[in-house]
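Colleague: This is the structure I have questions about; it appears just below.
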C-alpha cells in the first residue's frame, strides 16, 4: 500500500507543477492582452474607459481626464522703439497665465484593416479668469512678430519687401482701373460734366432756343446730335411723357434744376431719392413717373453716352468701341494718358480707396501708348510693374542711369524710349514712397503696433487670437489666412474640419510596437529641414506595451508635434507613483547640440524656420536654460541666468502598459536675429534696424499630466493579479515539486530497502 501512495503522490505533484505553469502562462497572456487593449487606438477596442486611449488620450470634452491645465509665461518688450532703432532689447517675463486645455482627434477614419488611422488634431484653450489668476485677456505686451519676420526672410530684406509691396500695389492699381466696374465708376464720375455739357451744347446748337433744343432731344432719331436723343431707346419710356413746357424748363439754365448744370446732374445720380423729391418739388410740374423717366435716362447715359464721349478724344480710340468695350484699354486711358480719361485723378472721386493719385500720366506729366502701357502689366514683359524682379530692375537701372546716362543700353529697357523709361523710374519711386512707405507701411501695417516687426497685443490675443495687417493685404478674401498667433485655438468644430491638417498614425492593430506612432506630420511623411527627415518615433503618451519592461535602458524616440522632430529620451531614474513602478525619461542633451541637418547652429536653440513657412521660430527650454549666458545679456533677462527651477520635459512610463502615468511637457518659443554680434541685421534694413545675433524670447508653456486615481487602481490591480499569479505559481510548483521529488525519492528508497 505504501508503494501505491507514493506512486499516486508523484503524478499529483506533476499536475500541480503543470497547473502552476498554466496559470503563469494564461495570466501573463491575459495581462499582456489587457495592456494591448488599453493601448490600441481604435474605437470600441474593449478596454475599460478610464484607460481606453480612444477616450483618455484621444479626447472627450466631457471626460475630466482630458481637461488639463496649461500654464504660460510671456515676455514683454519694454523698449520697442529703441529695439527697432538698433538697440538691444529689454524683455520682462510676465505671468503666469493658466488655461484649460482640451484636445481631441476629429474626422477619424480607420483603414488598411484598422492598422492605420487618419484624423485632424483639434486643440482648444480656455483662459482661467478667476480670483488668484492673472487675466491674459487684459494684460498687454509688446512682442516680436513672426509673420513680419517670415515676410522679410522670404523677401530677402525689408528693401526687397518694399519692392514686393510696390509690385502688389501696382497690380492693385491696374486691377482697379481695368475692372469692368471702373467703367461704371468713370461714367458716374464724368457724367455731371459730360452730360451737362452735352445738354448745353445741344442748346447752343439749337440757337439757345429751349423749344428747338427740346425738339431735337425728344423727337430726333439721329445720333449725330450732341446728345443721345430721347427717342433713341436706351431706356423704356416715351418722349411724349414729358410735355414741351416741362422740357423747356429743364433746358433753361436759369432754373435751379436745369439739366445744363453739372451740379444738378451730379445730384440726380448720387442721390436718386433726394433728387426725385427735389424734382417733384420744383416748378417744372413733373409727375413721379416723369421724374423717374428723367433719372433713368441720366443713369443710362453713364454707361453709354458718357464712356463713348470720354474715349472719343483719344486718337487710339478712333472707333470708340475699341476702347469702351475693352476694360484694359479703358483703364489704361485713365492711367497712361495726360490729360487722363476723366481729366482728373481717381483720387478726386469720393471713397476712391487710394492714398494719392495712382495715374502714371498725371504724376509724370507724360504719357504712353496703350500698347506700351499694357506691356507694363504683363508679367511676361522684361520691363513690367507687377513683378518684384522687374520692379527691382527698374530701380537699379534708374540709379545707374542717374549716375551715368550711358550705363544701361537702351535695348535692355526696350520698347520704351529713354524719356519714357525715365518717367517709369520716376513713377515707380513715387508709388513706393506714396503708396507703400507712406500708406501701406505707415498707415496700415506699422500703425499703433498692429503689425510690423514689433506688435502689441493682450497676452491671450498674442498666443491664440491675433491677425496681421500684412496677411490681410496678401489674402484680402481669405480671413482664415490672416491669423498670426503662434498657437491654434479654433473653437468651432466646422472651422476645425475645414482648416486643420489631416494626419495619420498607426493604431497598434497588426503591430503593437507601432501603436500611436506618426505616419505624417501636417500631412507630410517627411520633414523638410536641411535634408529630408522621415517622420518617425513613438507617441509621447503611449509607448509600445512591455517595451520598457523588456529593457528599461533601451533608447526611447518620441515624435512631438510642437518640436516638429523626433526627440531621443534617456532613462534617468526609477520610482513609484501611487503604488505603480515607473521609469523616468528625459530628453537627451544631444538633441540640443549643433546639428546641420536641422539648421541648428546654436546649442539649446532649435530652428523651425523651414517647417513654419519661413517664420523665424526657434524653440528652447523654458527661460532659455542651457543657452550661452551672453544671449541673456543681449535680451535683457539677466535675472533669469541663475534660475534653477526644473521645467524640463520628462515622462514617467509604467513599463508594462507603456503609458505615461506622469509627466511634464514644456517648451519656449523665441525668435533669433541672425548675423554677426555687434552689427545690425542686413534683413531689417529699411523700416527698422535690429541688432544681429540676438535671441528674442516670446513665451513658454508647461503642461503637467498625471494618471488619475482610477487609472492607478486599474494598473495596481494588474500588478496585484500578477503578484497573486506569481505567488500561486510558486506555491503550486514548489508543492508539486516537493510531492513529486519526495514521492519519487521514497519510492526509490523503498525499492532499495526491499532489495
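Cβ atoms here come from the backbone N, Cα and C positions, even for glycine.
Sharing the features that Swiss-Prot gives for it:
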- 1-6: topological domain 'Cytoplasmic' (TOPO_DOM)
- 7-27: transmembrane segment (TRANSMEM)
- 28: N-linked glycosylation site (CARBOHYD)
- 28-727: topological domain 'Lumenal' (TOPO_DOM)
- 76: N-linked glycosylation site (CARBOHYD)
- 379: N-linked glycosylation site (CARBOHYD)
- 465: N-linked glycosylation site (CARBOHYD)
- 497: N-linked glycosylation site (CARBOHYD)
- 588: N-linked glycosylation site (CARBOHYD)
- 607: N-linked glycosylation site (CARBOHYD)
- 680: N-linked glycosylation site (CARBOHYD)
- 728-748: transmembrane segment (TRANSMEM)
- 749-755: topological domain 'Cytoplasmic' (TOPO_DOM)
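Describe the structural surroundings of these features, if you would.
Modeller: Summarising model confidence by region, the topological domain 'Cytoplasmic' (1-6) averages a pLDDT of 50.
Cβ neighbour count for residue 76 (N-linked glycosylation site): 19 (other Cβ atoms within 10 Å of its Cβ, all protein chains included).
In this view, residue 379 (N-linked glycosylation site) is surrounded by 12 other Cβ atoms within 10 Å of its Cβ, with every protein chain counted.
Under 8 Å, Cβ to Cβ, and six or more positions away along its own chain, residue 465 (N-linked glycosylation site) finds 485, 489.
Around the Cβ of residue 497 (N-linked glycosylation site), a 10 Å sphere holds 14 further Cβ atoms from the protein chains shown.
According to DSSP, residue 588 (N-linked glycosylation site) is assigned to coil rather than to any helix or strand.
Within the same chain, the residues at least 6 positions away from residue 607 (N-linked glycosylation site) whose Cβ sits under 8 Å from its Cβ are 598, 599, 600, 601, 618, 672, listed in sequence order.
Same-chain residues at least 6 positions away in sequence with a Cβ under 8 Å from that of residue 680 (N-linked glycosylation site) are, in sequence order, 86, 689, 690, 691, 692.
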Colleague: Spatially, and counting Cα to Cα, which of the glycosylation sites is closest to residue 588 (N-linked glycosylation site)? Options: 76, 379, 497.
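Modeller: Closest by Cα distance to residue 588 (N-linked glycosylation site) among the glycosylation sites 76, 379, 497: 76.
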Colleague: In three-state terms from DSSP, label residue 607 (N-linked glycosylation site) for me.
Modeller: strand
Colleague: Can you tell me how far the Cα of residue 497 (N-linked glycosylation site) sits from the Cα of residue 76 (N-linked glycosylation site), in Å?
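Modeller: Here the two Cα atoms lie 34 Å apart.
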Colleague: Give the number of CB atoms, excluding that of residue 588 (N-linked glycosylation site) itself, located within 10 Å of its CB.
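Modeller: I count 15 other Cβ atoms within 10 Å of it.
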